[in-house]
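Peer 1: One structure coming up, written as structure tokens, with questions to follow.
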Amino acid sequence: MLLDKLSVLSFLGLAPIFAAAQLSGSVGPLTSASTKAATKTCNVLDYGAKADKSTDLGAPLASAFADCKSGGLVYVPSGDYALSTWARLSGGEAWALQIDGIIYRTGTDGGNMIYIEHSSDFELFSSTSEGAMQGLGYEFHADDNWSGPRLLRLYEVTDFSVHDFILVDSPSFHFSLDTCTNGEIYNMAIRGGNHGGLDGIDVWSNNIWVHDVEVTNKDECVTVKGPSKNILIESIYCNWSGGCGMGSFGSDTNVSDITYRNIYTWSSNNMMLIKSNGGSGFVENVLLENFIGHGNAYSLDIDSYWASMSAVDGDGVQLSNITVKNWKGTEAYGAERGPVKVVCADGAPCYDITIEDFAMWTEEGDSQWYSCESAYGSGYCLQDSDDHVSYSVTTSTVSSAPSGYSATSMAADLTTDFGSTVSIPIPTIPTSFYPGATPYSALMANSASTAAASSIASHATVHSSSASVAASVPSAVAPSESIPAATSAVVSSAAAIAPSPAVGAQEGSTTSAPSFAAPSGAGNSPQGPTGASGFGEKGQQGEQGEQGEQGEQGVCYV
């Protein structure tokens with residue numbers, strides 16, 4: 001239900017310390033949704049919207065935003081809405097978008113169905129954890145059209161969160177974070193078709209925390225593109241997906257301080273793919289920790305000659321200081337696609353690569369291989385030398401399982417994909433994303449009849465788990481799941497004590513944001529990440545849309 005500004009009280013969230021060294025500062029909105037609603041509430045029904053699944057929501061949503069963009073809450077109540085003209089919501093400050101209804105795509109234009117740009121102190125959420133966008137992408141895909149609209153894109157948004165929201169069956173990408181800063185994404189379910197080009201979450205931004213998200217598709221699960229810095233991605237459930245990755249990378253790559261932690265991958269193309277083909281620049285300071293996989297084609301796949309993208313001019317992207325730690329589980333067929341593949345550019349050999357506590361075994365057959373090229377560091381086929389010169393592919397084959405490879409499975413592992421030419425049902429958001437890990441924030445719908453408010457603090461305070469408010473109740477008590485156990489703390493000028501996350505917490509160091517240079521060409525928006533040709537299109541109003549990746553289309557390796 002709509003936030004009752006008279007009965008719902010905000011609380012000051014005790015946020016985690018910088019959740020890992022990869023976060024450089026606070027994430028999440030600066031004020032709670034209840035505070036914004038108390039300032040002003042703009043209900044789309046008052047602007048001409050109708051929950052009849054046929055009246056266009058586009059104009060009412062834009063009008064409601066215009067009235068609340070300077071401080072307030074835009075409210076889409078429960079019900080079924082049609083969106084035939086896309087909503088470009090630009091220039092908001094201290095505002096929230098509460099979508100408790102389901103928005104169905106009825107238009108056919110390209111671009112982005114909901115595009116939020118140049119905003120600060122922003123929150124998008126569903127108080128029922130059931131709000132959704134249904135892209136009905138199968139209507140495009142049945143005609144072999146893979147370049148329809150994206151569902152949701154944020155561009156140059158600062159101090160924000162998106163949570164308790166569902167994205168289904170996008171004609172193209174589902175969710176893009178483009179040149180954003182200080183954001184938190186959590187408690188989401190994304191379900192797309194079984195085909196390349198239907199990315200789950202793509203991030204090219206600075207100081208972003210993505211956690212507790214499930215993705216089903218056959219391309220990117222949660223992927224970092226360039227330029228990016230200070231990105232923490234954890235508790236991700238790639239449930240019959242393409243898998244998590246980084247790239248594809250081309251010229252002038254600038255990516256650093258990236259952590260993937262607690263990643264569960266089932267029946268996907270890979271557990272982690274770092275991809276490029278030529279190009280220049282660097283990827284450095286990467287931690288890939290606590291991965292569990294079953295039934296995937298590839299496990300660790302670092303490929304600097306990735307054949308699914310056209311070669312880019314340059315000696316190659318320089319990869320360095322990458323740690324792969326605590327990987328368990330099984331791959332589909334290790335004799336055909338081994339669990340360790342580290343192929344670096346001959347013109348830019350990678351170095352300081354560490355693979356430790358890594359135990360994977362094949363589900364089919366009785367052997368598997370490890371393969372390296374121009375790769376230096378420690379573990380498996382990596383060469384240990386200070387002379388980082390190129391060398392040819394070296395492959396070793398083993399015929400006995402490593403000790404300790406056995407790993408648990410998730411009860412919700414899908415038994416089949418959803419295809420790409422029939423309607424995909426809207427899922428519920430799960431309450432478990434990685435075996436044994438409790439989500440950082442309870443679903444708003446499951447908050448024990450409480451209202452979890454966003455942290456209210458100065459920008460210097462570390463924010464996190466920034467759930468706004470759920471059902472109307474006389475008082476608000478934070479759900480126990482929303483605040484991890486305290487281990488150490490940072491005290492801000494507001495004297496807020498910040499417990500750290502339960503896994504691998506450490507104090508983060510503040511670093512400068514990467515430079516996001518505007519490209520030449522139409523419009524003033526930035527150039528998106530460079531990818532293989534296939535699914536990108538020019539966006540709206542002169543926007544230079546990011547180029548999509550073709551991926552391994554329709555491939556299922558199990």
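Every residue gets a Cβ built from N, Cα and C, even glycine.
Below are the features I grabbed from Swiss-Prot:
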- 1-21: signal peptide (SIGNAL)
- Cys42-Cys68: disulfide bond (DISULFID)
- Asn145: N-linked glycosylation site (CARBOHYD)
- Asp219: active site, proton donor (ACT_SITE)
- Cys221-Cys238: disulfide bond (DISULFID)
- Asn239: N-linked glycosylation site (CARBOHYD)
- Asn254: N-linked glycosylation site (CARBOHYD)
- His294: active site (ACT_SITE)
- Asn321: N-linked glycosylation site (CARBOHYD)
- Cys344-Cys350: disulfide bond (DISULFID)
- Cys372-Cys381: disulfide bond (DISULFID)
- 503-558: region 'Disordered' (REGION)
- 503-526: compositional bias 'Low complexity' (COMPBIAS)
Peer 1: Taking only the Cα atoms, work out how far Cys238 (disulfide bond) lies from Asn254 (N-linked glycosylation site), in Å, as a whole number.
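Peer 2: With distance taken Cα to Cα, Asn254 (N-linked glycosylation site) is 26 Å from Cys238 (disulfide bond).
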Peer 1: Select the closest residue to His294 (active site) from the following recorded positions, measuring between CA atoms: Cys68, Asn239, Cys344, Cys350.
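Peer 2: Closest recorded candidate to His294 (active site) by Cα: Asn239.
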Peer 1: Given the recorded positions Asn145, Cys221, Cys350, which one's Cα is the least distant from that of Cys381 (disulfide bond)?
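Peer 2: Nearest in space to Cys381 (disulfide bond), counting only the recorded positions, is Cys350.
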Peer 1: Which ones, of the recorded positions Asn239, Asn254, Asn321, Cys350, have a Cα no more than 10 Å from the Cα of Cys221 (disulfide bond)?
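Peer 2: Asn239, listed in sequence order.
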Peer 1: For the disulfide-bonded residues Cys42, Cys221, Cys381, which one has the sparsest Cβ surroundings, going by other Cβ atoms within 10 Å?
Peer 2: Cys381
Peer 1: What's the CA to CA span in angstrom from Cys68 (disulfide bond) over to Asn145 (N-linked glycosylation site)?
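Peer 2: Distance (Cα to Cα, whole Å): 37 Å.
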Peer 1: Go through Asn145, Asn239, Asn254, Asn321, our glycosylation sites, and report the one whose Cβ sees the most other Cβ atoms within 10 Å.
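Peer 2: Checking each of Asn145, Asn239, Asn254, Asn321, the winner is Asn239.
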Peer 1: In sequence order, which same-chain residues at least six apart have a C-beta under 8 angstroms from Cys344 (disulfide bond)?
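Peer 2: The list for Cys344 (disulfide bond) reads Ile302, Ser304, Gly316, Leu319, Cys350, Glu373, Ser374, Ala375, given in order along the sequence.
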Peer 1: At 10 angstroms around each C-beta, which of the disulfide-bonded residues Cys68, Cys238, Cys350, Cys372 has the fewest other C-beta atoms nearby?
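Peer 2: Least crowded of the disulfide-bonded residues Cys68, Cys238, Cys350, Cys372, by Cβ count within 10 Å, is Cys68.
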Peer 1: For His294 (active site), just count the other CB atoms lying within 10 A of its CB, please.
Peer 2: 23
Peer 1: If I take the Cα of Asn239 (N-linked glycosylation site) as reference, which of the recorded positions Cys42, Asn145, Asp219, Asn254 has the closest Cα?
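Peer 2: Among Cys42, Asn145, Asp219, Asn254, Asp219.
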